[in-house]
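Novice: What follows is a single structure, and I will ask about it in a moment.
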Amino acid sequence: MTMALTNAFVLLFSCVLAISFCVWGKPATFLDDFQITWSDSHIRQIDGGKAIQLVLDQNSGCGFASKRKYLFGRVSMKIKLIPGDSAGTVTAFYMNSDTDTVRDELDFEFLGNRSGQPYTVQTNIYAHGKGDREQRVNLWFDPSADFHTYTIMWNHHHIVFYVDDVPIRVYKNNEARNIPFPKFQPMGVYSTLWEADDWATRGGLEKIDWSKAPFLASYKDFDIEGCPVPGPASCASNTGNWWEGTTYQALNVMEARRYRWVRINHIIYDYCTDKSRYPVSPPECIAGI
């Protein structure tokens, strides 16, 4: 092997090694990247840990969290929600900085329903400690019949919540207008299943029916691609990370069309238009986020 070829090989190996430290990829099993944080007796591992079930009964709910935090990237899971009468339950998939006062958080919350009613997904965004940015969308399919992919894309340009390939919420980076955007605090990845029948279904009017317990939510294909913290300090600011590329800096034409379809046909609540809560529209709403 010539010296030039040897040097080229060493350079290529170094680049691959550097990338592997910066970008965390899909784990082989649940325990590769996650740990149980609440009631391990209520989380069942299936197929050698490639899939799990969260269990809610009268004794307890349960939850899990990533072993590391991440700063920017994409997080997704395939989830099959509680079938049948799930009123009063909440299945959550979210990112959280786990800080007391100045919290950053990106939420998917799936609100249980009475049989035959549509499943509602609530999203919320906390930036620099300020939340109360709820939006609710009625899903256009039965999310308990099969697995669907739920994704949070987070880069320097925007945050996008996806259901399968359909964007249901976009929160743009408008720091230039003094609107907070989460970019300083790494966030862990969490999921929980718990009883919330004081508010989850029709504002608490529909209570949980414990005769239908145990309630089961199933998960598989855990995928985290982002900058792990602790990790190389330069990773989060690296414009070469794939999620920072031009393709991901704004919705493409097809995504924009799907997003508009969701906003017209399936959104049932938007804090931006709730004048009882916000007589003066929040600045991010005026900015068109």
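Numbers run from 1 along the shown chain.
Cβ coordinates are placed from backbone N, Cα and C, and glycine is handled just like the others.
Just so you know, TrEMBL annotations are computer predictions that nobody has curated.
TrEMBL feature annotations, pasted as is:
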{"type": "ACT_SITE", "residues": "Glu105", "note": "active site, nucleophile"}
{"type": "ACT_SITE", "residues": "Glu109", "note": "active site, proton donor"}
{"type": "DOMAIN", "residues": "21-219", "note": "domain 'GH16'"}
{"type": "CARBOHYD", "residues": "Asn113", "note": "N-linked glycosylation site"}
{"type": "SIGNAL", "residues": "1-18", "note": "signal peptide"}
Novice: Specify the count of other C-beta atoms within 10 Å of the C-beta of the residue listed as 'active site, nucleophile'.
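Specialist: Cβ-Cβ neighbours of the residue listed as 'active site, nucleophile' within 10 Å number 20.
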Novice: Which ones in the same chain are close to the residue listed as 'active site, proton donor', with CB under 8 Å and 6+ residues apart in sequence?
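Specialist: Those within reach of the residue listed as 'active site, proton donor', by Cβ under 8 Å and sequence separation of 6 or more, are Val90, Thr91, Ala92, Tyr94, Val121, Gln122, Thr123, Asn124.
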Novice: Rounded to the nearest Å, what's the C-alpha distance separating Asn113 (N-linked glycosylation site) and Glu105 (active site, nucleophile)? Just drop the number here, would you?
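Specialist: Asn113 (N-linked glycosylation site) to Glu105 (active site, nucleophile), Cα-Cα distance: 25 Å.
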Novice: Near the Cβ of Asn113 (N-linked glycosylation site), how many other Cβ atoms are there if near means within 10 Å?
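Specialist: Looking across every protein chain shown, the total is 25.
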